[in-house]
Structures are given as C-alpha cells and as structure tokens.
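Heads up, the thing below is written out as structure tokens.
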Amino acid sequence: MVAPGSVRSRLGAVFPFLLVLVDLQYEGAECGVNADVEKHLELGKKLLAAGQLADALSQFHAAVDGDPDNYIAYYRRATVFLAMGKSKAALPDLTRVIELKMDFTAARLQRGHLLLKQGRLAEAEDDFKKVLKSNPSENEEKEAQSQLVKADEMQRLRAQALDAFDSADYTAAITFLDEILEVCVWDAELRELRAECFIKEGEPRKAISDLKAASKLKNDNTEAFYKISILYYQLGDHELSLSEVRECLKLDQDHKRCFAHYKQVKKLNKLIGSAEELIRDGRYTDATSKYESVMKAEPSVAEYTVRSKERICHCFSKDEKPVEAIKICSEVLQLEPDNVNALKDRAEAYLIEEMYDEAIQDYEAAQEQNENDQQIREGLEKAQRLLKQSQKRDYYKILGVKRNAKKQEIIKAYRKLALQWHPDNFQSEEEKKKAEKKFIDIAAAKEVLSDPEMRRKFDDGEDPLDAETQQGGGSNPFHRSWDSWQGFNPFSSGGPFRFKFHFN
C-alpha cells in the first residue's frame, strides 16, 4: 500500500494549485448529484486522502457509471489517475469535464499541463489561452501565463532541433532536445528523434534508454522494440535483444523485420547458451567448437567475434593448451587492452609456460581494473612465488617436463634420467660427485611430482622438500649428503655404491 504522505506529495506535484478536491464551489446542487453517486464521491474522497488509490478509483468508477454526466466524478477520477502516474487515462476524463462544464478552469489548466508534457504544444497553448479568457483566479492566471510562455519556448526549440537534425548536426539537435524533454517528458516522437541522434553519435545505450521510454509512451510501438532489439544485438547482448524482439512480435506476429531478426538472434542465443553449458561441464574442446560456430553465424557484428575469442581464450587456458590460449587471448587484448577476463586467462597460460614475468604483468594489469578480485590477487601471489621458486630448484626442469605433464610422463622422464645419471656410470671422482648431485635432484623431482599433494604445494610456489618453506623448519630428507642415499638404488655394478632404487 502506498503511504498517504507519499500520495499527498505526488498529488502536490501533479496539481500545483490543486484539485484535491476542488469540491467546493462546484459540488452538490449545481451538479445534481443523486444520493448513491454522492456516497461514492464522498467515500472516494476520503480514500484518496488516506492514500488508498485503488479503492478510491473504484468509488469514482462507480460514480461515473451512476451519473455519466457528473463532471466532479470525472475530475476526481482524473485526480486518482494522475496520482497513480496514469496520465493517459487522466486526459480523457479531463476532456470530458471540460465538455460538461466549459468554465471549469482548473480542469482546463490541468489538461494544458498534460498536453504540454506530451509535446502537444498547439493544443496546450489553446488551453492556456482559454483559461486566460475565462475570468480565472489570480493563481490560475499566473500559472496559465507562465505555461503559455513555456509552450511558446518549446515550439521554438523544437523547430531548432528539427533544423539541426536535418543538417546532420546531431550534437546540436541533442542539446535542443535535452532542453525540450525536460518539459515535454512524455513526447514519444521527440524521444525517438533523440534516440536517432544518439545512434548517429555512437551512443547506443543512451538511444536504448529513449526508445524504451518511447515504447511505453506510444501504444503498439513495434518500431521502438525493433530498434531496441537491433541495438542490443549490435552491443553483443543477445539475450536482451531476443527479449525485445519478442515484445515486437507480441504486438504484431507478422512483423517482417522483427520476425527475420528473431530467427537470427534465436539461433545465435542457442549457440552461445550451448557453449556456456559445455564450459560449465568442463568440455572445453566442444565449447571452443561452438564458439567458432558463433563467429561463423554472425561475422558482421564484431562484438560477437571478440566475445567468442574471449571465451575460446578461456577454454584453451582451462584445457591447459597454453600456446593456443596465449595466441587468442593476445588477439582479444589487442582490441581490448583492459579486458580482465582475457588478462586472467592469458596469465594462467603464461604460468603453464613458465613465463612468470609475463604472468605477473597480466595479473597486475587485471588488478588495476578490478583490485578487489580475489582470483586475481591469488593468481598474482602464485606467479610471484613461482618466479622466486624458478630462481631456485625447479623439479619440472630437472625432469625436462612441462608443468601440465601427466604422472606417466613424469615417471618415464625420471626413469630415463635416473639411468643416465646413475653414479656407477661414471669413473672419475669429479664426474661421480656431479652425478651424485644430479641423481639426488632427479630423485627429489620424482618424489615431489609423483605425489599429488606435494606437487600441488610445489605448483603453488612452495617447495615441499625445502626446510625453509615448511612450518616448524623440519629437516629435509633430500638435502642430505650422498652417503645417506646409499642403498637407495637397485643398480649394482661392483662399484662402491649399493642402492635399492624402486621405479614406481
């Protein structure tokens, strides 16, 4: 329920001199009110004063039905319509009041206000002039004179706006239209004209705002819905485009342009929806294929190409295809350097490629655009840890595998290197010492990378075998002397080393 105070405020805004309720010089005997109608009028007045607009409206409907020639009933119903923001419904009631009582200056003045807001300037001027000729009160005369001057000024500005539009001076036309629409707020044609100016000036979202207003101000405005749908489509907002073109077809299911556009946007919407569902399911290769279909389905609107590449960039990054991800993410970032999603996805790809400086740069650029994004903050911290780690021991490099290598690849690389660097393969003490160190690193790399939890820690920038990075500072079994490793490997060649070395 609307609060009474709110209603009174609204009434005051729509009726400067007001009507709530003019009763009183016009009531009773002069109107010839019968008992039932008078009851409805009185009850409606009380409900209106209490802010119960819907109930008040019902009473005034009943009064009009009971006495179709009662101008007070129409006038009070117009009051409620205006308080409810229904100016279109109020206007016929005010016109009926004037037909029934030509000297009712309050109704004529109020109708002039509504006509002025609708941009019907000649009709508004006619009402204001008639008020001035009808022996108005001092306040009514002052108000009518003021509004007449305003209507004349709007006529002049309208002519200037049209001249500017015809001369393709859209900036000037917008300036004039801005001023007019502050007064003629319900003029659908002027809003549509300003929307055209905004389109010409490359401001589609402002055009959409005016066209949405025009679609409400003018009945069955299929053209406005069609234009809104086209603008959303060009902006890449396929879902809103589909919604608006459906509104057009609700009004006219045979509208040729709306139907043709509906088929196109529906097809595109389905493709994009399917692609996003595949991404949610982790089916990145299939999602990439879908977005390639999107680009083929709509090659003429650049926004869909950019958005599709942005999502393909994401798919490649998540699917651990860093080379492909970096390439297409970079294409997006050439067009949109501040695209946070592309920056994050390329940064992740750089991490896989062990390009830590580049990853840090991308995360920092993304953070400038969205400093509160936890994913960016965590990614940046990880990249910084990995950079620091890369300057120490890198288990992936030791085994010669990529960061996204599978366990089978890790074991295979480990076996090959363990055989190659087994100390028994070397004769001189210097070579053996070098092999010992290499062999220990290889064993450590295998230990870390074949254990999921240890590998996760290492991938996050923490060396699980480095005592300095462990809480509590415990000893590190892989940072011991070679003597402690004797007995580790099963290779035995009669040399000084005896190992038990198990390939897992």
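Backbone N, Cα and C define each Cβ position, glycine as well.
Residues or ranges marked as repeat 'TPR 1' by Swiss-Prot: 37-70. Look at Swiss-Prot and you will find 72-104 tagged as repeat 'TPR 2'. Taken from Swiss-Prot, the feature repeat 'TPR 3' covers 105-138. Residues or ranges marked as repeat 'TPR 4' by Swiss-Prot: 154-187. Feature annotation from Swiss-Prot assigns repeat 'TPR 5' to 188-221. Positions annotated as repeat 'TPR 6' by Swiss-Prot: 222-255. The disulfide bond annotation in Swiss-Prot covers CYS248-CYS258, CYS313-CYS329. Marked as repeat 'TPR 7' by Swiss-Prot: 268-301. Look at Swiss-Prot and you will find SER274, SER475 tagged as phosphoserine. Per Swiss-Prot, the feature repeat 'TPR 8' maps to 306-339. Among the features that Swiss-Prot reports, repeat 'TPR 9' is placed at 340-373. Residues or ranges marked as region 'Flexible linker' in Swiss-Prot: 375-393.
Shown on the structure are the features that Swiss-Prot records.
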residue	record	CB count, 10 Å
CYS248	disulfide bond	26
CYS258	disulfide bond	24
SER274	phosphoserine	16
CYS313	disulfide bond	30
CYS329	disulfide bond	30
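In terms of C-beta pairs under 8 Å, the stretch of 105-138, 222-255, 340-373 lying closest in packing to the repeat 'TPR 4' (154-187) is 105-138. DSSP gives CYS329 (disulfide bond) a helix state. Panel annotation: around the repeat 'TPR 8' (306-339), residues 236, 275-276, 279, 282, 284-285, 287-288, 291-292, 294-295, 345-346, 348-350, 352-353, 365, 369, 404 of the same chain, lying at least six beyond its termini, place a Cβ under 8 Å from a Cβ of the stretch. Here the Cα atom of CYS258 (disulfide bond) is found 35 Å from that of CYS329 (disulfide bond). For the repeat 'TPR 4' (154-187), DSSP puts the residue distribution at 27 helix, 0 strand, 7 coil. Reported as a whole number, the C-alpha separation between SER274 (phosphoserine) and CYS248 (disulfide bond) equals 26 Å.
Look at CYS258 (disulfide bond): DSSP puts it in a helix. Counting residues per DSSP class in helix, strand and coil order gives 27 helix, 0 strand, 7 coil for the repeat 'TPR 5' (188-221).
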